[in-house]
Amino acid sequence: MEFSVKSGNPEKQRSACVVVGVFDRRKLSSAARVLDKASGGALSTILRRGDMDGEKGQTLWLYNLPNTLCERVLLVGCGKERDFDEPAYRSVIATVARTVNKSGAVEAVNYLTDLPVKGRDTLWKISQAVTITQDSLYSFQQLKSKKEDTQRPLKRIILSVPSRADLLPGEDAVRVATAISVGTKLTRDLANLPGNICNPTYLAEQALQLKKTYKGLKVEILEEADMEKLGMGALLSVSRGSEQPAKLITLEYRGGRKDAKPVVLVGKGITFDTGGISLKPGAEMDEMKFDMCGAASVLGVMKAVAEMMLPINLVGVVAAAENMPDGKATRPGDVVTSMSGQTIEILNTDAEGRLVLCDALSYVERFDPDVVIDIATLTGACIIALGHQATGLLSNHSPLANDLLGAGKQSYDRAWELPLWDEYQEQLKSNFADMANIGGRPAGTITAACFLSRFTKKYKWAHLDIAGVAWKSGKEKGATGRPVPLLMQYLLNKAS
């Protein structure tokens, strides 16, 4: 899909399709009014017939509109003008993408970017239009024998800007948003693959492929023998029951000053999670292929950053393993020693994500990081607390937490902060080791982060629990690509 920006009146566009908005009670948007005037009131006449009243999500195709140069016009209902906010804008952009893609038009000029959205400027609207369009048209068909392709898929979208002065900033917004979409697509593709394809070795191969594509990337892969030498007993306890060897994958991108400390991202990469000996219920266990979405998001961010050549130093670390039950698997009650030297009583082998993360969090001390952010589908408790709307955020550094919350609001990939109070640490006490790997049912998301916080004393750290946002279930089952937009906005802000 190609995107560009353009300034000009809708009636003068030689295109397969021009898209304009109509608000509730048939109120025309500014671009629609221009078309109406040029066509001698044809739009108003058609709307008065009752085919459309402007309700959000409605669409109406018009062909051969008088005194216009386009083949067809798509009217899109935007709802009440006073209520046209970020969710409404995102919703109508998605509607346009799907509707035009099915129409056979290969090109469209979209004037919805001219609509006023409360608190948002033109560049935000352009960026959102690019990413939402790409997300809406995403289709995972790699494993299907027959592809369900559109006969004439949409190839180009031209986004309207108010004036010629907005063209250069608009093109830059398109460039950045396109790179984010490329990274998000990689994240979704990796997460949607089944565990018999996407195992730890496959993730390592994908990192090496990124290195080939982007010459500025360095990649290092630690094998189990390397991790054994480093004392990563927690991480290795997870892969013990699997025939698939664990991998610790590091990607380095140096686009900033040589003396600038890097941002470090750490992704949980459990490529399939049966729960181990603490076996999960069979229902919906297939969705545990998504337990590597944190790792997939790290790889997606690395790709997006390299694609746009962002002036920042960034390290991505993927802790990859498969959690399976067999005769060699870790048992409930086993005690292991982490890379930090702290001992852990594993009361539940299904709380394995924190075990791979804690050793990775110790490992990243060697990079002398500015900040460390881990991303993990860590707890079902986060879904109970926040549902499927917000990423859970916990941090030992308030400014970092605020920066991430702000980036979430900017990108509309939102997060919500939960407390990391010392009182919750009491739930992790063990009679047989320095700590237990679970803290009971109460505050499960918080106690999981409390566990991780014991391995992050030497740097500023934030934890993103994406269990509720990384994938969808049901009819639309599949990975969402979150929180790539949040992380990219954070990095863009930091690099500016």
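Keep in mind that glycine also has a Cβ here, set from the backbone N, Cα and C atoms.
According to Swiss-Prot, the active site annotation covers Lys280 (among others). Taking Cβ-Cβ distances under 8 Å and a sequence gap of 6 or more within the same chain, the neighbours of Lys280 (active site) are Asp273, Thr274, Met288, Asp350.
Taken from Swiss-Prot, the feature active site applies to Arg354 (among others), supported by sequence analysis. Sequence-distant neighbours of Arg354 (active site) (same chain, six or more apart, CB under 8 Å from its CB) are Leu378, Asn437, Ala448, Phe451, Leu452, listed in sequence order.
Annotated Mn(2+) 2 binding site per Swiss-Prot: Lys268, Asp273, Asp291, Glu352, in sequence order, evidence recorded as sequence analysis. Counting every protein chain shown, 26 other Cβ atoms lie within 10 Å of the Cβ of Asp273 (Mn(2+) 2 binding site).
Asp273 (Mn(2+) 2 binding site) falls within a strand when secondary structure is assigned with DSSP. If you look up Swiss-Prot, you'll see Asp273, Asp350, Glu352 marked as Mn(2+) 1 binding site.
Note on the binding-site residues Asp291, Asp350, Glu352: the fewest other CB atoms within 10 A surround the CB of Asp350. For the recorded Mn(2+) 2 site, residues Lys268, Asp273, Asp291, Glu352 set the reference point as the centre of their Cβ atoms, and the other residues of that chain within 8 Å of it by Cβ are Val238, Gly269, Ile270, Met288, Met292, Ala321, Asn323, Gly353, Val356, Ala376, Thr377. Sequence-ordered, the extra residues of this chain that approach the Mn(2+) 1 site, with Cβ no more than 8 Å from the Cβ center of Asp273, Asp350, Glu352, are Val238, Ile270, Thr274, Gly275, Gly276, Ser278, Lys280, Met288, Asp291, Asn323, Thr349, Ala351, Gly353. Long-range C-beta contacts of Lys268 (Mn(2+) 2 binding site), restricted to its own chain and to partners at least six residues apart, with a cutoff below 8 Å, comprise Asp291, Met292, Gly294, Ala295, Ala319, Gly353, Val356, Leu357, Asp374, Ile375, Ala376, Thr377, Leu378. For the recorded site, Asp350 (Mn(2+) 1 binding site), the DSSP three-state label reads coil.
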